[in-house]
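Engineer: Not my notes, these are from TrEMBL:
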| type | residues | note |
| --- | --- | --- |
| TRANSMEM | 7-32 | transmembrane segment |
| TRANSMEM | 52-74 | transmembrane segment |
| TRANSMEM | 86-107 | transmembrane segment |
| TRANSMEM | 113-130 | transmembrane segment |
| TRANSMEM | 178-200 | transmembrane segment |
| TRANSMEM | 207-225 | transmembrane segment |
| TRANSMEM | 276-301 | transmembrane segment |
| TRANSMEM | 321-341 | transmembrane segment |
| TRANSMEM | 347-367 | transmembrane segment |
| TRANSMEM | 379-398 | transmembrane segment |
Amino acid sequence: MKPLNSLFLDLSLSNTRLFTAFFSLLFSILAFTNDQLINSDGVLYMNMAKAYIDGGLTATASMYDWPFFSILIAEFHQFTGLKLEFSGQIINSLLFVVFTDALVLIANKLLTNLRYVFIAALLILCFSTLNDYRSYIIRDIGYWAFISISIYRTLIFLEKPSWINGIYWQLSSLLALLFRVEAIVIILATPLFIVFQLGFRDGLKSAIKLCSLFLLGGVLAAVVFTQQQGLMNAFGKLLSVTQFLDYSAITNEFHNKTTVLGNELLNQYSERYSGMILASGLVYMLLAKIITGLSPLNLILFTFAKLQHKKGSSNDNTRHFLLFFIGINLIILLAFLFKHYFMSTRYAVMLITALMLLMLPAMCRLIDDYWQAKNKIAVILIPFLLVASLIDTFTSSVKKGYIKETAIWASQHLPENSQVLTNDIFIDFYFNENKPKTPLKLNRELEVSPDFDYLIVVEKKSHQDDEKTYSHWALKPVHQNQNTRGDRAIIYKLITPPEMEE
């Protein structure tokens with residue numbers, strides 16, 4: 001068995017980046033092919049894109065006050081003529097290529113040789129937490145891509161604090177901001193890191209170079225922003241950042257919730273601990289998301305590396321900035337957590353990814369040492385686990401295509417001018433995407449009297465109570481599709497009195 005340095009004779013950073021880009025694009029195609037149904041957030045972005053095409057910025061902003069991603073999809077759709085959903089899939093696939101490429105570039109700054117960088121590329125491509133979102137049409141992927149480029153440009157700037165490197169950082173940071181508003185915190189915090197890292201005098205000069213266009217453009221943007229009501233409505237979410245600085249409002253809400261917890265759940269002698277219990281529960285929720293997000297495979301490899309004292313050397317500037325980035329993201333997530341009292345793994349992806357990058361030196365050295373030591377068990381087991389992780393990500397035991405098929409059938413076969421009702425956003429989306437003969441009304445709760453001709457619903461084995469909403473209506477099934485689990489999408493016709501007599 002040859003060591004990696006002789007096996008990959010043509011190994012270079014450019015080849016590794018091309019390898020990563022190719023398989024990243026391939027994995028995204030596989031993910032969209034396997035996942036037959038658009039995600040729920042994707043439905044919102046598609047509807048926003050339609051609103052932008054029909055009514056411009058004001059129309060799309062009325063649905064959500066951060067519309068850049070939807071505008072991008074709409075413009076791509078109009079330029080190419082492709083369907084909106086397919087346009088969103090292409091954009092997100094390309095953004096994932098940018099994201100993984102940026103991670104490889106950061107790994108190249110962190111690791112000591114190209115063998116390790118190639119191993120890092122494999123680990124990045126097989127990182128299940130990232131791959132879980134490949135089939136999603138979400139703006140987060142654009143944020144992940146450009147904030148990762150921003151990290152890389154910061155590392156370049158630390159090596160050479162020039163005006164041009166500062167401009168590159170600003171452009172990547174601005175693009176990240178267009179996708180998610182929390183990028184503003186990273187933008188404001190990074191110059192502080194530069195000052196502390198390079199010393200006050202040199203750091204202050206470098207920070208000015210880093211933010212040159214932002215200092216000028218920020219003033220101009222503020223003037224334009226306040227003068228244009230349409231822009232304020234469209235990007236009003238930028239102002240919502242101040243809500244997380246409202247310490248009084250956050251503490252008052254926390255006090256209210258601890259009061260409820262103490263009064264409703266705790267013994268009178270434990271009531272004074274309600275604040276500690278609530279806070280520790282929220283922090284535990286965040287830690288659980290982070291630890292599970294690192295993926296079992298990475299945790300196993302990192303644990304083995306530490307047990308065998310495989311530290312792996314890394315660049316100090318890169319390590320320090322990643323730690324700083326993790327700290328800033330932790331503050332952002334804690335502020336969000338104590339503001340909204342819930343957490344999604346998706347919101348913690350960049351913190352999880354930064355932690356994973358810091359784990360790379362030890363993991364890459366472990367794998368490389370196993371290879372060069374001709375450890376047959378490890379050389380077989382590790383690739384097997386990587387492939388198993390990919391297979392688990394891109395396969396699903398429960399298919400959802402039956403929902404899409406039913407919606408398309410309904411759009412093509414229900415009589416013209418009939419009144420059609422649904423409570424499912426996916427039915428609504430695919431019905432209207434396929435040039436229906438008749439309009440469809442969406443009512444999520446079905447809180448209406450049966451004033452319709454046809455009802456389209458999704459009935460799942462795990463949510464049979466949902467059927468009670470319309471169980472007393474006089475309905476007759478006319479078409480349905482279902483999966484192997486027995487979940488089904490069904491079209492009912494409302495039975496009129498004459499039909500009931502027949």
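Here the Cβ of each residue, glycine as well, is placed from N, Cα and C on the backbone.
Remember, TrEMBL labels are computer predictions, not curated facts.
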Engineer: How about the transmembrane segment (178-200) with the transmembrane segment (321-341) - do they touch, taking at least 3 C-beta pairs under 8 Å (6 or more apart in sequence) as contact?
Structural biologist: yes
Engineer: Ranking 7-32, 113-130, 321-341, 379-398 by the number of C-beta pairs under 8 Å to the transmembrane segment (86-107), which range is first?
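Structural biologist: It is 7-32 that shares the most Cβ pairs under 8 Å with the transmembrane segment (86-107).
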Engineer: For the transmembrane segment (276-301), I need the partner stretch with the highest count of C-beta pairs below 8 angstroms, choosing only from 7-32, 321-341, 347-367.
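Structural biologist: Ranking 7-32, 321-341, 347-367 by Cβ pairs under 8 Å to the transmembrane segment (276-301) puts 347-367 first.
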